[in-house]
Each structure stands twice: as structure tokens, then as C-alpha cells.
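Following: one structure in C-alpha cells, then a few remarks.
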Amino acid sequence: MISRAGFVAVVGRPNSGKSTLLNTIIGENLALVSHKANATRKTMNFIISHTYKHHEQCQIIFVDTPGIHKKEKLLNQFMLDSALKAMSDCDVCVFLSAVGDSLKYYEEFLNLYPKKHILVLSKIDTITHKDLAVEISKYQPYAERFLALIPLSTKKNLNITQLLDSVSENLPHSNALFDEDDLTTHTMREITKEMIRQSVFENLSDEIPYESDVLISSFIHKQNINEIFAKLYVRKHSQKIITIGKNGQTIKRISMQARQKIEELLQERVFLKIDVVVNKDWLNDIKTLKTLGYHIDKSTK
């Protein structure tokens, strides 16, 4: 029986490994992962159960957040606001810092979040034990600000349980907040959108992944197949040409890879059709952003 439960915001600079960490914890590739920065645009909730101290059952709702950064476009303002709201609403906050990161990212976080938190030092498999000791020492002057400092590697699965124990220890006593079989609070439309976006990031370069987004126009579950129709927004006609590719090969590859990801998750057949649409102002247009699922506060414009 669940005795502790709560929301845990995972925050950090863009491309610090937040989504990779959460995919490792939940055992599914649901969070968008890319070597390109700022892939995550919306908060995503992932639910796990964890046994703490061999007997106490905890339900942890991890909240994947956009990287903390400031830019002028409305979409970027939405991303920052989403991260700040997750930090404000959470029961526990985890700050992820990759080895070698400048302290300025952590100091910026401290200015935004005055409460105690868990500090995770990620990607420790990339450095020696001696260098790790140096990295840890960088954060010791801030020891009064964090609940725990946990060196961690998702690649080698090091100290994942230690992180879950530390999170569980700081959750409030509570019954389960969600059904214990739930993996996420998000709909299949939202997850499908992220899987298509991941395929875009994997197949396109330069500015196109950052200046594109996905709208799921239709998601119909039939007896033997799921039919999904999507629109891929880009800002320029030249981007549309590149995205479609010669003889449509690029968009076919994007569609095929996304379809395979969705089929693997659903364990069902999927038909996926993606149309590429030009909308030059979508990054700054409130109406379009809301259509795409980004609910912008007009006061931020």
C-alpha cells in the first residue's frame, strides 16, 4: 500500500540529461531525448512506484521540464514559465548538473528556487574518480542549500536507486495520487506528438527542429489499427522542402521511425500520415501556440 506520494520536478540547463534520466527510471522511452539542446518544450509527468527502506511503498510523479533558459519568443517564454511552475508546485525538486558544467547554471537555479533540493551530478561515467572528487568539491560551498548530492550515471545505471531513495525520503505521507498501473498522466495524442518530434530531431539539422512543431489532427483507434494524422509546422517554404526531401524520402523516414516508436509503445499496428505545413509566425502567435498545446499567458506577450 502506498504510504508516500508526491510530485518531483527534474530541472537543469538545456541538454543536461533530464529526459534520459527519466527514461532510465521509468524503463520506457517516453521523454524526448536528443543531443540537441531544448528538445523538451512542455512538462511531462511520469509515474513510478518505489519501495523505500525495503518496506515503505512510494508513488513518485516525476515532472520532466524544459531546460531553464531565457529567450524572447513566446514559445521560449512558455517553456521557462512551465519549468518555474513545476518548481513552484512540486513536493521535491531535483536539479541535474552534468559533470563539467559551469557553476553559473546551479547559481541561477538557486536564485530561482530558495528551498532545499536534491542535487544530482550526472554523466559521471565520462570522468575519472579523481576528477569526480574535484567536481563534487565544487558544490560543497552550497551544502547547506541541498538535501543530498548524488553522483549518477544513466549509461551505467549507477546510483539510480540512491536517487529514488532520497526522493522517497522527502515525499509527504500520502495515499496514491494516481492508479498504480498508470505510467504517465498524458494522453496518447501528447505522447505521439513527442515521438514524432523526436524523429524530427533525429533526421533534421540546423534550425528546423527548433522552428518546427507537431499537431495531432486525428487519432482514431480501430479494431486492427490506430490511424494517426498529423501536421508538422515549419516557418519557411525552404524548410518544408528540406523536411519533405527528394521524392519525399525525408518525411517518409521521419514517419517510419515515429510509427515504429508508437507501435512499440502501443503493441498495436499504426498508420501515420504527416503533412508539412508552413506557418511563418507560429513561434510568436498565441492562437497557433494554443492550438499546438502551449497555453500562453497573454500577460507575457
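Here the Cβ of each residue, glycine as well, is placed from N, Cα and C on the backbone.
Under the heading GTP binding site, TrEMBL lists 12-19, 64-68, 122-125. Listed in sequence order, the residues of the same chain lying 6 or more apart from I68 (GTP binding site) and placing their CB within less than 8 Å of its CB are V11, G12, R13, P14, L80, A83, Y105, E108, F109, L112.
The annotation domain 'Era-type G' is assigned in TrEMBL to 4-173.
Per TrEMBL, region 'G1' is recorded for 12-19.
Residues 14-15, 18-19, 31-32, 64-67, 69, 75, 78-79, 82, 190, 197-198, 201, 209-210, 213, 293-294 of the same chain, all 6+ positions outside the region 'G2' (38-42), place their C-beta atoms under 8 angstroms from a C-beta of that stretch. Positions annotated as region 'G2' by TrEMBL: 38-42.
Annotation source TrEMBL lists region 'G3' at 64-67. For the region 'G3' (64-67), the predicted model reports an average pLDDT of 88.
Sequence-distant contacts of the region 'G4' (122-125) (same chain, six or more residues past either end, CB-CB distance under 8 Å): 16-17, 21, 96-99, 132, 135, 151-156, 158. Per TrEMBL, region 'G4' is recorded for 122-125.
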Coarse DSSP state, helix versus strand versus coil, of I124 (GTP binding site): helix
Residues of the region 'G2' (38-42) by DSSP state, where helix covers H, G and I: 0 helix, 0 strand, 5 coil
Sparsest-packed of the listed binding-site residues (N15, T65) - C-beta count within 10 angstroms: N15
The one of G12, K18 whose CB sees the fewest other CB atoms within 10 Å, among these binding-site residues: G12
